[in-house]
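What follows is a short report on a single structure.
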Amino acid sequence: MGSKNARHSKSSASSSSPLSSPAAKLGEPESSPKGGISLDEILEIDLDKVEKMTVQQLRVKLRSVGIPAKGSKNELVSAWKEFVKSKTDGTGYLELDDHESSRKKSNESNSQKAGSLPCREHVMTRSSGTKRTKRKVEESLIGHNKVEINRMGSSAQDEQSIEYHEPIAKRSITKKRKVSSEVISMSSEASNSVHSSGEPWTILTHKKPQKGWVAYNPKIMRPPPLAGDIKHVKLMSWNVNGLRALLKLESLSALQLARREDFDVLCLQETKLQEKDVEAIRNTLLEDYDHSFWTCSVSKLGYSGTAIISRMKPLSVRYGLGISDHDTEGRLVTAEFDNFYLLSGYVPNSGDGLKRLSYRITEWDPCLGNYLKELEKYKPVILTGDLNCAHQEIDIHDPAGNKRSAGFTVEERQSFETNFLNKGFVDTFRTQHPGVVGYTYWGYRHGGRKANKGWRLDYFLVSDCIADKVHDSYILPDVAGSDHCPIGLILKL
């Protein structure tokens, strides 16, 4: 295969196919803190002057109003602008969002030096002038469209049979100088709805929502199930962020997910398995799924890793891109079935300080795009997995605050278009839900999942020639156990 990548197959598959060929927050009182500056002085400061300040001057200025002053100059300037904006909005506090430039998981971020990531700190509020306590985030206040989705109670078995209903209440607040009792009441209702339903993904919390956008609710936005006589296949994908850790959870097992969803094929990413782990886990993972294919990282143990687990026997299987420089991290498995090729992929993260951005957009993405087109010469292609890119502003909770974050840079988004969409592959979820805000990843820091501050990084991309055969492309935001949730695709054959 031209690679030292570890590969494990449970079932045998023929290699006589094209696959074997190369190819602050700040809730400050109106009076300034002792030794600080007044609100009037704050509003009179020219932002252009702030941008010209040195890092040390900015830190002094931020500390004078009680904002932690860590990070790069751009972050300090951004924190000041957000603070001023919060004061002029009249909200009386500032919400500083997660700024996860490399989307490092919590067990990795603990080992990194303070200030090495462009991530915003927890910002504390001052109570009675001296006591600092964590503020509770109240989502969707002034300047945001409020959308309330009519949620219909149903069991997991009923979810696919419920028809789509338009939102029954949509509120837009335009006055920004004063927080009215109506806004406070509305925000409280939304917050209570989240807590009472346990379904935060049904509340629109996007920072820059456009007219017509609504929050994703799979209970009411999925089409009815196909009739029994219509031949189809059900595919699922999940970045599990460590399969061994996931299997230790009592709340959900892979077997329970299989029983609930009855999928035909499950694709996994970021299994973090080593070669020695695969056999034991595979033999106990799923019943009735006799064909599984695993690839592990050999350049860095306990890292990356992808798999395809299927009840259908594939015609052939390939690991990696067939290019040794790209195939040591276990990022790709391809299975050929009768009607399509299925790829489980884990696209490299651009990393801390965007150190791998150039590799990502000049090497990995183009090679993967060319590989997809080579396969497509023989039959349609389906690429699924964590593609590590929030393609549009609708796909990320805070687009303005993440312009230089790994996964949302202009370069990555353009590469996504150039190497996948412009080559004729269709984003099935966005096609089915053009104005729906649905996330598949929530950072562990600051309760991103509970507040629905997420990213859509996981996709099902399909060849244009079979796009019209997609019956359903969906997200399962209720499934916990990882910082990603599963996604699904139902394809008519």
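For all residues, glycine too, the Cβ spot is worked out from N, Cα and C.
All TrEMBL annotations are machine predictions without curation.
Residues annotated as active site in TrEMBL: TYR346. Look at TrEMBL and you will find ASP386 tagged as active site, proton donor/acceptor. The region 'Disordered' annotation in TrEMBL covers 1-37, 91-137. What TrEMBL records for ASN388 is site 'Transition state stabilizer'. Here TrEMBL flags ASP458 as site 'Important for catalytic activity'. Here TrEMBL flags HIS484 as site 'Interaction with DNA substrate'.
Recorded features from TrEMBL, shown on the structure.
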| residue | record | Cβ within 10 Å |
| --- | --- | --- |
| TYR346 | active site | 25 |
| ASP386 | active site, proton donor/acceptor | 27 |
| ASN388 | site 'Transition state stabilizer' | 25 |
| ASP458 | site 'Important for catalytic activity' | 23 |
| HIS484 | site 'Interaction with DNA substrate' | 24 |
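When the recorded positions ASP386, ASN388, HIS484 are screened for a Cα within 10 A of the Cα of the residue listed as 'active site', the ones that qualify are ASP386, ASN388. The two recorded residues ASN388 (site 'Transition state stabilizer') and ASP458 (site 'Important for catalytic activity') have their Cα atoms spaced 7 Å from each other. Distance from the CA of HIS484 (site 'Interaction with DNA substrate') to the CA of ASP386 (active site, proton donor/acceptor) is 9 Å. A distance of 8 Å separates the Cα atom of ASP458 (site 'Important for catalytic activity') from that of HIS484 (site 'Interaction with DNA substrate').
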